[in-house]
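Have a look at the structure below before the remarks.
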Amino acid sequence: MNLAVVGTGYVGLVSGTCFAELGNHVICVDKLEQKVDQLNLNEIPIYEPGLEELVRKNKDAGRLAFTTNLTQAVKEADIILIAVGTPETETGAANLSYVYAVAEEIGEALDDTFKVIVNKSTVPVGTAEEVEEIVRRKKREVNINVSSVPEFLREGSAVHDTFHPDRVVIGTSSEKAASMLKELHLPLTENIVVTDSRSSEMIKYASNAFLATKISFINEIANICDLYEADVHAVAKGMGLDHRIGPKFLHAGIGYGGSCFPKDVKALKYLAEDKGYQPNILQAVNDVNEIQSRRMVEHLDRIFDGDISGRTIAILGLAFKPNTDDMREAPSVKIIQDLIKQGAAVRAFDPIAIENAKKMLPDEVEYVDSALAAINGADAAFLVTEWDECKSLTPKQWKESLKQPVVVDGRNALDKESLKAEGIIYHGIGRK
Ligand SMILES: NC(=O)C1=CN([C@@H]2O[C@H](COP(=O)(O)OP(=O)(O)OC[C@H]3O[C@@H](n4cnc5c(N)ncnc54)[C@H](O)[C@@H]3O)[C@@H](O)[C@H]2O)C=CC1
Ligand SMILES: O=C(O)[C@H]1O[C@H](OP(=O)(O)OP(=O)(O)OC[C@H]2O[C@@H](n3ccc(=O)[nH]c3=O)[C@H](O)[C@@H]2O)[C@H](O)[C@@H](O)[C@@H]1O
């Protein structure tokens with residue numbers, strides 16, 4: 001099939017490349033000329049394991065191309081996928097201006113042949129219908145269907161997730177579109193749910209909100225564990241063995257970050273409130289997450305009797321999770337801002353996110369190029385992102401490098417017992 005993918009971010013670039021790998025002809029469009037130039041030189045603007053090789057291979061095979069020319073890409077396509085950003089606005093509502101702008105451009109570029117326009121961006125319920133209206137406003141007689149096929153990949157394992165999805169959801173009102181979209185996705189999975197576009201759009205928000213709920217729930221349990229000297233690791237394990245609960249997304253820590261959970265929980269909350277419904281669970285999920293990282297800074301403050309000023313704190317990990325360079329809504333930002341506000345000096349390490357982090361963090365932050373260099377001579381270390389390089393520091397290295405043996409484990413990722421055995425003052429979340 002011939003595909004046009006509009007937006008070459010984490011979603012568009014990965015899914016466009018993977019569809020090319022499956023044998024389709026894919027033209028990826030981005031309005032940023034610099035990004036397209038980079039991609040044409042085989043330079044990948046994001047860090048995503050396995051992606052560079054796939055881009056190179058499919059470009060060389062003539063199945064994948066990058067352009068700023070949306071009109072040309074649309075003319076050649078049977079299916080046009082929209083994968084532009086839908087960031088948060090001040091009210092919490094999703095900003096649909098990028099999606100609307102693409103819809104207008106597609107409307108202007110369409111000819112008479114039947115085309116399926118697929119919205120992959122995460123959008124409020126009813127957006128597929130709005131996109132169709134916008135396109136038809138530009139050209140009333142066009143032969144199109146606008147469907148919703150939400151994306152469920154995770155950053156850091158995006159290529160793997162695209163090739164091995166748990167399910168594909170197709171929301172459409174057209175049998176012809178459903179059949180073309182099934183044909184496109186069948187090589188990936190037989191688990192295909194076909195529904196209407198509104199339900200499909202809701203499936204995406206509900207899935208992200210549910211996963212975020214699991215995280216805030218276990219974080220709340222961890223906070224209660226702290227009060228009663230129970231261990232949240234043991235609690236999560238014991239809970240997760242119940243098949244109705246499951247073990248995943250029960251890892252307590254400093255809260256969820258990233259470009260999606262925070263904004264999508266707020267966007268769904270907004271949709272409910274906009275119709276006069278108060279979504280109490282979503283509100284609580286968001287509230288627990290807002291304060292979770294602050295609790296660990298308070299912990300650190302207590303260790304130093306409320307006087308953290310002048311201390312050097314090593315921050316291990318800056319990205320919102322390992323295996324990505326994405327700093328959007330990374331908990332490290334709030335943590336570092338809090339520490340600097342209290343007069344601490346921050347020395348930070350991340351294997352790949354430092355360049356992105358510099359754009360968001362205060363100028364005072366010192367950056368180093370290894371986990372060991374970060375903890376060397378520091379008064380305390382704060383594990384913020386559970387990168388392998390940070391987790392693999394040995395108890396001896398922690399002990400010998402830190403000026404004071406204080407380790408705050410914001411991800412409950414370190415071996416508490418062996419650190420304690422080395423005489424280190426260890427603080428996890430909900431870990432007695
Ligand atoms: N990042 C992720 O892991 C996931 C994101 N999503 C959703 O997918 C959507 C896209 O997310 P990301 O890929 O992270 O966004 P991103 O911000 O990384 O990329 C968006 C791209 O669209 C381009 N763009 C914007 N307007 C354009 C236009 N008029 N024409 C051509 N290109 C245009 C931008 O230049 C940018 O390169 C969002 O709605 C997000 O919620 C869904 C699942 C996973
Ligand atoms: O819509 C999206 O953008 C994507 O959002 C998440 O993917 P992603 O944000 O890449 O990363 P996750 O692995 O889900 O982690 C999100 C955040 O939750 C945190 N987390 C995750 C799991 C857990 O048990 N505990 C926990 O604190 C992570 O550290 C991270 O900050 C979803 O997992 C994807 O299915 C979805 O497509």
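Cβ atoms are placed via backbone N, Cα and C, with glycine included.
TrEMBL labels come from automatic prediction, so no person has curated them.
Binding of NAD(+) is attributed by TrEMBL to Asp30, Lys35, Thr122, Glu155, Lys263, Arg328, and the same site annotation extends, among Thr71, Thr86, Thr89, Thr189, to Thr86. The candidate list Lys75, Lys204, Lys391, Lys396 contains one residue that TrEMBL assigns to the substrate site with Phe152, Leu153, Arg154, Glu155, Phe249, Leu250, His251, Ala252, Gly253, Gly257, Lys321, namely Lys204.
In the three-state DSSP scheme, Lys35 (NAD(+) binding site) is classed as helix. Recorded residues Thr122 (NAD(+) binding site) and Gly257 (substrate binding site) have their alpha carbons 16 Å apart, per Cα-Cα distance.
Counting neighbouring Cβ atoms within 10 Å of each of the binding-site residues (Lys35, Arg154, Lys204, Lys263, Arg328), the lowest count belongs to Arg154.
Counting neighbouring Cβ atoms within 10 Å of each of the recorded positions (Leu250, Ala252, Cys260), the lowest count belongs to Leu250. Close contacts with ligand 2, defined as a Cβ under 6 Å from any of its atoms, occur at none of the binding-site residues Lys35, Thr86, Ala252, Arg328. Close to ligand 1, meaning a Cβ under 6 Å from one of its atoms, are these of the recorded positions Asp30, Thr86, Thr122, Glu155, Cys260, Arg328: Asp30, Thr86, Thr122, Glu155, Cys260.
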